[in-house]
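Below is one structure; the comments refer to it alone.
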């Protein structure tokens, strides 16, 4: 009998509510016979916040933690000041669930036009540290709104936090082309950069099959547009990863075909998977949104649970659909049906 996995579903806002059901359908079809899924839906996002002021109530977060994984649609609404939902929902889940790896695959599919003149074979993944660095909230300000105001943001890097994400990157590289590129700015950020490099060198000794090199962040941004095929696994910190993942999404044709995962690799808490596109309120409710990225997030969820063959069914179906019909204008439902029909 197939094991049943509990999945927390947060459709969120805008087109998130339209594309998430297709991720669920892809999960079920790809894993048919090997895994079953039990869903718990959570009404979290802009509408909930505007209705009763709640972002992530404690009891609901507790129920989310009891699941095996999380499927997220999209969060954001122009009626709400930027940052409120992102900090109160997405970042809170990331930190409370210790999702210390932000995983962002970037692949240029046949049938998708890259903005690069000669993109080559683009297929790499960014492994971004997700709970430390400049985004952990250390810092402050004094003498606000005066000429003497002082503001600080402190980048926190711990050996423990760095080593666990480095190990994740090398383990992932073993399943791919066996190459890791550390991206940092160690010539200027000498303390954090030196620690990152030493830990990469140490862990690298345990993976003799995996080669590794280093690039400064400025050089890496250049190579992402001049020679992206050189990369396999890009390993970097929170801030640099935030920059690189956006650029990576652009070189493969935009956010419509990109998914991401916020991973707790210890499985102490559930990991979260989502398309990287936003809530797109301008087309919400019109059956226009492309569900491909959401469906790819379902493949990432399956890979995380250990169902690589099931995930491959989704990847194969998506690649075939994009190659044949990627330039065809289709509705949300039609794209979803076309992809599922190939599985």
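Placed from the backbone N, Cα and C atoms, the Cβ positions cover glycine too.
So that you can see what the record holds, here are the features copied from Swiss-Prot:
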type: BINDING; residues: 94, 104, 128, 218; note: substrate binding site
type: SITE; residues: 135; note: site 'Important for catalysis'
type: SITE; residues: 185; note: site 'Important for catalysis'
type: BINDING; residues: 218, 242, 246; note: Mg(2+) binding site
type: BINDING; residues: 278, 279, 280, 281, 282, 283, 284, 285, 286, 287, 288, 289, 290; note: NAD(+) binding site
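Listed binding-site residues: 246, 278; maximum Cβ neighbour count within 10 Å falls on 278. Here the CA atom of residue 246 (Mg(2+) binding site) lies 23 Å from the CA atom of residue 288 (NAD(+) binding site). Rounded to a whole number, the distance between the Cα atoms of residue 185 (site 'Important for catalysis') and residue 284 (NAD(+) binding site) is 40 Å. When the alpha carbons of residue 246 (Mg(2+) binding site) and residue 282 (NAD(+) binding site) are compared, the span between them is 21 angstrom. Neighbours of residue 185 (site 'Important for catalysis') among the recorded positions 135, 218, 278, defined as a Cα within 10 Å of its Cα, are 218.
Of the listed binding-site residues, namely 286, 290, the sparsest CB environment within 10 A is found at 286. Comparing the recorded positions 104, 185 by how many other C-beta atoms lie within 10 angstroms of each C-beta, the top residue is 104. Cβ environment of residue 282 (NAD(+) binding site): no same-chain residue six or more positions apart lies under 8 Å away.
Taking CA atoms as the reference points, residue 242 (Mg(2+) binding site) and residue 128 (substrate binding site) are 8 Å apart. Those same-chain residues not listed among 218, 242, 246 yet with C-beta within 8 angstroms of the centroid of the Mg(2+) site C-beta atoms are 217, 221, 239, 240, 241, 243, 244, 245, 247.
Each of the binding-site residues 218, 242 was scored by the number of other CB atoms within 10 A of its CB, and the lowest score belongs to 218. Cα to Cα, residue 278 (NAD(+) binding site) and residue 135 (site 'Important for catalysis') are separated by 20 Å.
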